[in-house]
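Colleague: Here's the feature list from Swiss-Prot:
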{"type": "BINDING", "residues": "Gly50, Thr51, Gly52, Lys53, Thr54, Leu55, Ser90, Lys225, Leu226, Arg227, Thr229, His231, Thr241", "note": "ATP 1 binding site"}
{"type": "BINDING", "residues": "Thr54", "note": "Mg(2+) 1 binding site"}
{"type": "BINDING", "residues": "291-297, Trp332, Arg452, 458-460, Ser462, His464, Lys466", "note": "ATP 2 binding site"}
{"type": "MOD_RES", "residues": "Ser432", "note": "phosphoserine"}
{"type": "MOD_RES", "residues": "Thr433", "note": "phosphothreonine"}
Amino acid sequence: MNLPIVNERNRPDVPRKGVQKIRTVIEGFDEITHGGLPIGRTTLVSGTSGTGKTLLAVQFLYQGIHHFDYPGLFITFEESPSDIIENAYSFGWDLQQLIDDGKLFILDASPDPEGQEVVGTFDLSALIERIQYAVRKYKAKLVSIDSVTAVFQQYDAASVVRREIFRLVARLKQLQVTSIMTTERVEEYGPIARFGVEEFVSDNVVVLRNVLEGERRRRTVEILKLRGTTHMKGEYPFTITHDGINIFPLGAMRLTQRSSNARISSGVQTLDEMCGGGFFKDSIILATGATGTGKTLLVSKFLQEGCRQRERAILFAYEESRAQLSRNASSWGIDFEEMEHKGLLKLLCTYPESAGLEDHLQMIKSEISEFKPSRIAIDSLSALARGVTNNAFRQFVIGVTGYAKQEEITGFFTNTTDQFMGAHSITESHISTITDTILMLQYVEIRGEMSRALNVFKMRGSWHDKGIREYSISHDGPDIRDSFRNYERIISGSPTRISVDEKSELSRIVRGVKDKTAE
């Protein structure tokens, strides 16, 4: 049960092994820290109110006790032990049982509610001795301190704060414990800590943020430094679930998933022919177009075909209710309720604004892990993009597509464009590069009548039809016809009819080229 002792590296007769780490078993945290926290060192966790500092400190101890049987010590300067124990219950962590078993000890250093007056020179000697006594008595390997700001907020001299924090960190290192020390900051992107000195006396610094982006809050974590070892750079989104902190280390994702040559049907025979025999299994398809062009219809046919093949499927809907989806599908001869009754289909409908993108991503991953579908659909991505930054939205899409490919799932997503007719950007967030197949749907005005057009704009690794097909929607679903004949500039929104003379001239030129080639 003894951890590797880092201070042995300082002995001349012991070969250097580098900084060794202990896994935190916090979802995603070990990935961005390249293996966990350095053993025998103190990590400063800084953040504004509500970022999850206390939760991280408690979860660090709980996971260490639960997975590795390392005794832990929690030192609280703010909340009472009873509040900490009660709050932990909401995550399924029975701290009282760990205390009764002698695996966890909570040292109550919270302030006297009646107030206290400081007289003379301030130092932490008595507190440091209490911590040392508790560490040795309970043989603690892990220590969490929450938070040092509460101790020093009534003292103005930065030199005193620096001196006492340095003494505390030095004693923890001498005791050979791996510790987390939380501190508050005033701004999300300002000074790292309240007093401006905490980060300089700590070996490692982790910054938690809770930033208002657009109309939603977004939590991120950044590893500012891990002294003597490597870590991932930048901010990574995280959410707080019933299991605690869950980080999405998108930068740690590797493009190592297998690619299948097997084809699956879209549920529309003509569309399969346009795609060279159907979609690739485990590929990501994006149908983009104005409202009413038939995107949800293509999604419904895609899901229906999967259920017909006895495959499981999930539809994540962010614009329509379950009743509305079922009603619309029935008008095309698709019975969603029967598929659900057979256990082949799952409809999940929610408003995009009901949660942050990280929460939606976590929910999608959890549902996929539980239901184990072969096909998933999201209708629509553009609904989720409302009120968030392009970068946050792109990270969300990368998280979904990366997880789907990892699980070898075929994904069909829709995107609603803001222009009703004419040329338009496929997506505003450049997510088109992440998808494997793009179906472009749009309206076309021909001789005063409105028609629909469909084009396989892109399909990685496969031949596909380059033509712009006309299609209509009937009670059987989409009816894809031949390409628009005698018309050009359809995608631009200004279709122009090619005259007979122009056609004859083009034919003559083509025949001339063929004759010269034959000679």
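Glycine is no exception: its Cβ is also placed from the backbone N, Cα and C atoms.
Mind running through what each feature is packed against?
Modeller: The secondary structure of Ser90 (ATP 1 binding site), as reduced to three states from DSSP, is coil rather than helix or strand.
Annotation note: Thr54 (ATP 1 binding site) sits in a helical segment as assigned by DSSP.
A coil conformation is recorded for Lys466 (ATP 2 binding site) in the three-state DSSP classification, outside any helix or strand.
Secondary structure from DSSP puts Ser432 (phosphoserine) in a helix. Around the Cβ of Ser432 (phosphoserine), 15 further Cβ atoms fall within 10 Å across all displayed protein chains.
Residues within less than 8 Å, Cβ to Cβ, of Thr433 (phosphothreonine) and separated from it by at least 6 positions along the same chain comprise none.
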Colleague: Between the binding-site residues Lys295, Arg452, Lys466, whose Cβ has more other Cβ atoms within 10 Å than any of the rest?
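Modeller: Counting Cβ neighbours within 10 Å, the top one is Lys295.
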Colleague: Please report the distance from the Cα of Leu226 (ATP 1 binding site) to the Cα of Ser432 (phosphoserine), rounded to the nearest angstrom.
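Modeller: Per the Cα atoms, Leu226 (ATP 1 binding site) and Ser432 (phosphoserine) stand 36 Å apart.
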Colleague: Taking Cα atoms as reference points, rank the binding-site residues Gly50, Thr54, Thr241 by distance from Lys466 (ATP 2 binding site) and give the first.
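Modeller: Looking at Cα distances from Lys466 (ATP 2 binding site), the smallest one goes to Thr241.
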Colleague: Could you give the maximum C-alpha to C-alpha distance in Å for the residues Gly50, Thr51, Gly52, Lys53, Thr54, Leu55, Ser90, Lys225, Leu226, Arg227, Thr229, His231, Thr241 that bind ATP 1 per the record?
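Modeller: With Gly50, Thr51, Gly52, Lys53, Thr54, Leu55, Ser90, Lys225, Leu226, Arg227, Thr229, His231, Thr241 as the binding residues for ATP 1, the largest Cα distance is 35 Å.
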Colleague: Sort out the sequence-distant neighbours of Thr54 (ATP 1 binding site) for me: same chain, 6+ apart, CB within less than 8 Å of its CB, listed by position.
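Modeller: Correct list: Glu78, Glu79, Ile84, Asp146, Ser147, Thr182.
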Colleague: Which one, from the binding-site residues Gly50, Gly52, has the smallest tally of other C-beta atoms lying within 10 Å of its C-beta?
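Modeller: Selected from the binding-site residues Gly50, Gly52 on minimum Cβ neighbours within 10 Å: Gly50.
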